[in-house]
Structure formats: C-alpha cells, structure tokens
Amino acid sequence: MSGVEDIPSGPVPGAGTRAGRRGANASLLVGGALVAAVVLLALVSFLWTPHDPTLVDAPNRLRGPSAAHWLGTDRFGRDVASQVMVGARTTLFVGVVAVGVAALVGTPLGVLAAMSSRRLGELVMRGNDLVLAFPALLLAIMFGAVFGADTLTAMLAIGIATAPSFARLARGGAVEVLGTEYVLAARVAGRRRLAIAVRHVLPNIAGLVIVQTSVSFGIAVLAEAALSFLGLGTRPPTPSWGRMLQESQELLTVSPRLALVPGLAIALAVLGFNLLGDGLRDRLDPRLEARG
Amino acid sequence: MSRSEPRSPVLTVTGLTVSTVDTELVRDVSLRVDRGERVGLIGESGSGKSLTASAVLGLLPEGVRATGSVRLAGVDHDLLGASERALAALRGRRMTLVFQEPMTALNPAMRVVDQVAEVMLVHRTRPDRRSARAAAVELLDRVRLPDPADTARAYPHQLSGGQRQRVVLAIALANDPDLLICDEPTTALDVTVQARMLELIRAATARSTGLLFITHDLAVVASLCDRVLVMYGGRLVESGPVHQVFTAPRHPYTRGLLAASDLTATDERGRLRTIPGSVPGAGQFPAGCVFRTRCDRADQACGQLPDWRGTPEHGHACWHPTHPGGGAP
Amino acid sequence: MTGDQPLIEVTDVHRTYRRPRVSLTRPGRAVAALRGVSFSVTAGQRFGIVGESGSGKSTLIRLLAGLDQPTEGTVRFRGQRVSGRPERQLGFLRRELQVVFQDPMGSLDPRMRVRDIIAEPLVAQGHPDTAGRVAELLEAVGLPQEAAGRFPHQFSGGQRQRVSIARALAPRPSVLVADEPVSALDVSVRAQILNLLADLVERYALTLVFVSHDLSVVRHVCDTVAVLRAGELVELGPVDRVYRAPEHPYTRELLAAVPTLRGALARFTTRTAEEEQP
C-alpha cells in the first residue's frame, strides 16, 4: 500500500530548462502578436475599412492588388482587404463563443464527474460519450432547423459538440490531481469539496484546459467555414474568412489569391492561438519559473 | 571471501568533468574498478554520483557534456567521445546498468523471457531465439525467481517490484558483463526484498565482474562493497576500503554522513548528529573546498582547492582531515 | 489528560477494497487491506507503525485521519467516533489530528505559495490572523520568513518537508501522524528532520503516530511499536522489548533484513581485526 519512494537523484541539468524558457517566451510573444493583430483588425473594422466590404462593384471584379484595393477584389468586385478586416470579427466571435461554451460547460462537468461518486461519475461520462459520438455538423443542422441558421446558433452547436472533449480531459486531469497527497493534505486540513475543486483541482488542470482551448479554437474556426459553406453559418452578405474561402473554390484556377488570403488569415489566427496557448501554459506554471 | 587472482582494472575513469553550458556538475573525478571488486559510490542528492555513472555509460542527457577519460578493459578507445554506435555495442554486453525503478526499465508489452533473450540476441551471444530463451530461463532461475519457466511467460505488471528488479538484474547479467553499474537498485524495494537483492548482486559479482554501486545508504555499502568513494558537490572527497573509511573517516563530510546515518548515536538530549545547512543547488557550491560552507573545521585555507592526498584508491581531499596522523599542515 | 485514557482507539478494523469489475456478471475481486486490527494510542505516546508495501499501513493512516471508512470495526478519537461519519462532521478531528505525508513534493500543491499552503488548515477552519501564525510556524520549523512567498519547487526536499510539518502544526493539533516523513530524504537531511520532529513533539507536547518501513528509524523515534504484515497486526509492544526479544517470526525477519552500519561493519572486524582502530 505504501507509495513509491521518491529519492531525487543527481542535479537536474539546467541547460534544457533555460532553452525551454526562452522558447516559452517566444511562443507567448509571437502568439500574442498574432492574436493581437486579429483583435486589432476586428476593432478597426468597426470604425474604418478601406471600402464597404459588401459593396458590389461589377466592373472592378477579380482585380489584382492595387493602391485602391490592397488585396484586390472578388468576383463581385468587393474589396478583399475590407472583407478580411470585417471577417476577423466573425472569427473572434466564433472562437470566443464556441470555445467558451465548450470550456465552460465541459470543464466543470469533467471535474464534477471526477469528484462525485463512482456511479454518478460513470453516468456523466457515458452521457458525455453520447454527445461525443454525435456529429457536430448534424447537431448544428438540427440547431439551425430549430433556432434558425446564423453564426451564433452554429457556434453554440459547435461549442456543445466540443464540450465533451473538455469534460473528458478535465476528468482525467482531475482524477490525477485528486489522487495526489496535496489533496489528501487539504482534506486533512478540513477543506470542503468545493474548495478543493477551486483551490487545487482547477489551477492544476488549467494548463491542460488552456492547450485544449487553443486547439479547439482552430477546430471552431474551420467548422464555421464548413457550416457557412452549407448555408448554416454566417449568412451572406456578412463576410467571414470561412465563407470567403468557400466562395473562392470555383475560382481556384482563375484567381488563387482569393483562396490564399482568407486561408492565410485562418492559418495565422489558428497558429496565433495555439502559440498563445502554449506560452500561457508555460507562463502559468510556477515550476517553470527561474529558481530563487 | 578472499580472492587470490591478481587485480586488473575493468574501469578506469580519469579527470572526468561533466558540465552544462554554464555549470560544472561533476569535476575532476578519477576512479577505478577492478575485476571482481565491488565499489560503492555514495553521496546525497546533487553530489553528481548518478551523472558520473551516466557519463561512464555515455547516457548523459542532452545539453550535458563530459570531458576527461573513461576506459573499459579490452576496449582500445576512450568511451568519452566514442560514437553512439560503438557505445551501443558495449552497453548491455560489456557494461550494464540496473536502475532504481524496475517498472520503467522493462517493456510493459513484452514477456519477461523475451526481454531477457533480446539482450543476448542483440549482441549475438546466443545463436538463435530458441537457445536465447533457454538461457533466459536459466538466468531467471539464477536470480532466484520462483518457477522460472512460468515466470518467464509473465508480463512485467504481473510481477512484484522485487521480482521485476530481479528480471532487470537478469538482463544486466545476461551477457556476463565486465562492469555492472547499479544506481540505487534497492531504494524502491522493501527491506526484506532488498536483503535478497543485495545477496544476488553480491553473488553475481563474486567472480570477474566489477561492480559500481551507487547509493545514498551507507549501511548498504558497508554490507556489500569492498571499497567506497564519497562524492559531494560534484567532487570526490574521499575514497578507500569500506572498513577504513567508515571506521576512521578523514574527510569531515564523510564523518558527518556517518554520524547522521547512525540512529543509535545521539547527544544528551536524544538528538541525532547532523551536518549543518543543506546541499546547495547545482552550480552554487563554493569555490575552493566544496564542503567548506557546511564544515566546522573550515578556515581560510579552505578557500583553496584541497589537493588529493594519498593514492587514487585510498585518499581524501581536505586541508584539515579529521583523523590525526594524516599530516595536516 | 492521563496516560490511561486512550486518545485513539482502533477496534477490530477491517478494510476491504473491491477491484474494478472485469466481468459484466461478476463483481470485482475483493482485496483485504486490513484484517481485524486493534490498538490504542494514549496521550503523549510516540507510537510507531512498521510495515512493508502491502502491509496496510497507508490504509490505516487514512482511517485514522478520517479520509477513508473501515469496512468493519471502529476508529475513535477521544471517545468520539471517526469511522462512519461524513467528512464535514470531522471538524473535531481536523483541529486535533494532523498528518505529515511521505513525499515532500507530492504533498504540496505546486501552484500554491508556501504561505497559502501553511495557512490552508487555518483558512479551512476559520482562524483569524493567518499571517501572524504562518510567520510563527516558519520560525518553529526553521525556515526563513521570506520562504512564505515562494513556491514548493524552489525548496530542497528537506525544506519542503519542513513546510509540510508547519502546515500540520498550524491548527495546534494534539496528535501528529507522520507517514514515512523521512523515507524520501537524504541521510543528512533525514537526521535534521527527525531532530525537528523530536523538538516539536517535546515543545508542543504532541502525541506522535509515526509510520515507517524502516525499523531503525522507528526505534529511534518511538516508544511503542506495532508491526503490520499483510493487513494484520503481528506484534505490538514497547520498542526496546520488540527489538531485544521479537516474538513474531516476521518481526525477526524484518530486524535481520535492515542493514545497519554497525552490523555491516562487524563483518570486517571478524576478518581484519588488527586493522581496526589504529
């Protein structure tokens, strides 16, 4: 019954940690800059865009980049740069709603499953599996049919569909934390369950959840693109990077620029959130702080 | 007990220094292990004892490099700087290792017999799988696993910690190595299991295999080894025959360790004798004598690095050795 | 508090765990961790519990601390039942009995600062002026005041165990249960922590329950020892008597297996007597 003894053997060579530390700062910096750029684009678009992103200008369709149209125009002559700026709003909205719903529903559910009795925990997790087995797109279609198809509905659906992956992750992490001696020590100290969940479990699984958040953000942005294509996401004429990408499909050979611009925007935003997630996880872990 | 055949070194380490980019972790360590000799390497966390073993085996973690010389008998090149390929040919065959944690040293998805047989097949010391398996069962019998033929078919998780550690020992002994390095092999085991394990290690090294046994437990060294090396702060501070070092220690650190280990010796208030302070972190040991910040005999002279006095096999590095007759200046 | 009135009373305690089921039709296999264990600890006693892995000593600690429930039997503290009560009704126990755990890293939340770790029992039990008490405790366990603002990983193993001891002492308990508190520590640090425990037991008149696999440590620390083997108490008595004249064969086996420096060095004395002590 006794645990394994933990004799620290030898000094931990410092070389790796130092390099890792610099890496963490770099990803935080680059990720933060990319995310900040998306936020900035979205904010500026409320006040100013080079052109009206929805203005159809037939004579000027499919123009290449110029002084008037920095990133050219699409097949209706709409300004691509303006569309990208306004699309950043949609992207952020999508990310915040979908991932927020998923994390805020999934994480507490997973912690609850880990902390409740074995029977209740099993019940929660089997229900969780059921949702997980349900295709996200199908859920979005159903939601769209019931509540009307728009970005918010679609993202709620995506959020609910990705919540189980948060729940599963949180439960695994929580079970591990609950098995530690510091949780035993907290119980001996007289801590109640809620306090243990808030003071010990959540901070110690925060790193896991943050990484999952950044991964889910990428998934949500891509899912929004797919839903928009099916007519279940962002409704035209509101620009969204996903819809821009889908609309460019037929013109891929004629004007690859139209796919490249929103594609690059999505890739950079997803990369930014992933790097930010990694950087934050390392920053939030006191063990990675320099000694002394 | 007594061995009459002439002693020849199986491992000779000279001036070994292990360091990261900015920190020296092991400094100027020289040691020798003879055939059939059991040498204990003792020290606390941060003393560099495990890194010394890793350097010998060429298993240093990334970003850590070693200088100096490591020679193995019958190998015509220095092990430091040798290619991974050359080292791999030696590891598992000429020099082997038993780790502290027997669970992680074994492949959980592979039967015990195949893991023991594999090390013989890799080094081609058995012609085919069939004979390697037969030899493996014999080895499992030699490390006194109950029902070796049956146990051989088990997976690691089906065995107890002590049994797993015996499997690890069987793997280490499979190719009749010249040098066996054990890094805290009994620390995770129960005392009754530890006693049997030590007996097996003693039997395995009785003939021609040299043993380097790393531990923090002085009593284990005293019961198993012929000679002992004491490390502190990445340096060798004392070496010599076990009974001489343990009954008449010269270095104040050795004396402190011995006093702190002896739970039957207490002061008038019933308190144990201790070494003041704690082991500094890597790279934070003082210049000069590494022990001087915790030593009650330290003075100005200790700001200078003490020379090694005596022979490499029996000596110490201290300006003020604790025993008279050593010629303290 | 007189010596006759038992502080802790463990009566015929059994604890059986059920392995997770592997078959749909049959329940999982039952494993008996404790089988009919009875003993009592009186105030001021230094009570040692010795056992190897699988002996049930960790289970016993959990039962004593009200972290687990016995399948059968009772655990009482000052005559009040500990067993069979939900954790929220164990306030009386939490104020009086605290635990120092084995692993000085694992028992401290890596994301909490030392001041919050030590204050945790105080906060949980609603004490005022936690800051003043934390400062007092740091001093008592020999840690500098600036330790309060640091995280556990910034300390050595011995220092972490001091933090763990400070936390246990925070609510001014009368009983300290120590679960292998020195088995993960280096030799020189082990002596320091054992001395610290002895000082604190004396200074605060604590009753000590000390669990270890190491008989020589128990012999040094305790006045009474219970030997556990495979969930059963095989021997119980004053430490000196158990060491001098062990009654149970298992106790004898344990005693023989523990390597001691003096015992081990004796092998040289018989061989090279003339080399001893110049």
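The chain as shown is numbered from 1 upward.
Including glycine, each Cβ sits where the backbone N, Cα and C put it.
Copied from TrEMBL, the annotated features are:
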- A:28-48: transmembrane segment (TRANSMEM)
- A:88-277: domain 'ABC transmembrane type-1' (DOMAIN)
- A:92-115: transmembrane segment (TRANSMEM)
- A:127-146: transmembrane segment (TRANSMEM)
- A:201-234: transmembrane segment (TRANSMEM)
- A:254-277: transmembrane segment (TRANSMEM)
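The transmembrane segment (A:28-48) makes contact with the transmembrane segment (A:254-277), as judged by at least three Cβ pairs under 8 Å among residues 6 or more apart in sequence. Listed as Cβ neighbours of the transmembrane segment (A:127-146) (distance under 8 Å, sequence separation of 6 or more from its ends, same chain) are residues 109, 113, 153-154, 156-158, 160-165, 167-168, 223, 226-227, 230, 232. Remote same-chain partners of the transmembrane segment (A:254-277), defined as residues 6 or more beyond its termini with a Cβ less than 8 Å from a stretch Cβ, comprise 27-28, 30-35, 37-38, 62, 64-65, 71-72, 74-75, 80, 84, 87-88, 91, 95, 210-211, 213-215, 217-218, 221-222, 225, 241-242, 244-245, 247-248. Non-local neighbours of the transmembrane segment (A:92-115) in the same chain are 38-39, 42, 121, 124-125, 128, 151-152, 155-156, 158-160, 162-175, 178, 193, 196-197, 201-202, 205, 209, 212-213, 216-217, 220-221, 223-224, 240, 273; each lies 6+ residues outside the stretch with a CB under 8 Å from one of its CB atoms.
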